[in-house]
Ligand SMILES: C[S@@+](CC[C@H](N)C(=O)[O-])C[C@H]1O[C@@H](n2cnc3c(N)ncnc32)[C@H](O)[C@@H]1O
Ligand SMILES: Nc1nc2[nH]cc(C(=O)O)c2c(=O)[nH]1
Ligand code: SF4
Ligand SMILES: [Mg+2]
């Protein structure tokens, strides 16, 4: 079953969340059921990017061609990769190669192949995104997942987002919880300015977290790739 692929890149580091710093390849799929106001990957769903329909075997070949022997971990992101049934076969083939597989999704859809993923990052969207989380769906997904492989990662732009994150953490207290700095300027090429803004936002988020007893075991992280490469694509 074919998968619409936007880009395949790496090896780079996972710049976000539960396995930050892990060397990995990325497979970015096209299409999203959301349209977050601040999405840093709008080209996957707004018609400005070009995708290629690929069989799982072709994706494996392209990963080997571009990453050679320099990786053992593959991150599937998007868009929302959970829209695509064919990813189940891709995960199986990655495991045959001995590679671990991570998936990034917002938690709006279920596929049975999620049970085969080594690290799942669920990133429900806070109010600033303009999206509304369907908690019936999210509860059902959480109920089916092995919590050992899952984490929650919430992007924070303002105090309303932080309150949303507190409520989410209280709803799923045993799931590892990550707060992520929001990038409010995903178009700029002025890296020095972007980094200074992101570090200021990081400090603001640390200060908020420090004063929240709900967040006593949360982790507060920047997007490491944005600090190193700014808004550059394919890193
Ligand atoms: C582009 S999304 C693709 C996966 C999936 N659609 C999702 O949102 O989880 C990958 C990650 O980037 C985060 N993200 C998107 N735009 C961002 C921004 N402007 N600042 C910080 N994180 C952002 C999302 O919340 C998500 O955790
Ligand atoms: N280095 C790097 N780390 C990332 N973590 C999540 C990403 C994403 O866009 O899903 C991403 C990305 O695009 N690059
Ligand atoms: S859910 Fe993810 S890919 Fe989709 S619009 Fe939001 S941030 Fe972008
Ligand atoms: Mg990204």
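Going from the start of the chain as shown, residues are counted 1 onward.
Any Cβ shown, glycine's included, is placed from N, Cα and C.
The substrate site recorded in TrEMBL comprises 13, 14, 15, 77 together with one of 28, 92, namely 28. Of the residues 79, 86, TrEMBL puts just one in the S-adenosyl-L-methionine site with 38, 39, 40, 123, 124, 125: 79. For residue 79 (S-adenosyl-L-methionine binding site) paired with residue 32 ([4Fe-4S] cluster binding site), the C-alpha to C-alpha distance reads 5 Å.
Of the candidate binding-site residues, 32, 38, 39, 40, 125, the one lying closest to residue 14 (substrate binding site) when CA atoms are compared is 40. In this structure, none of the binding-site residues from 32, 36, 39, 40, 79, 125 has a C-beta falling under 6 Å of any atom of ligand 2. Spacing of residue 38 (S-adenosyl-L-methionine binding site) relative to residue 32 ([4Fe-4S] cluster binding site) is 14 Å (Cα to Cα, whole number).
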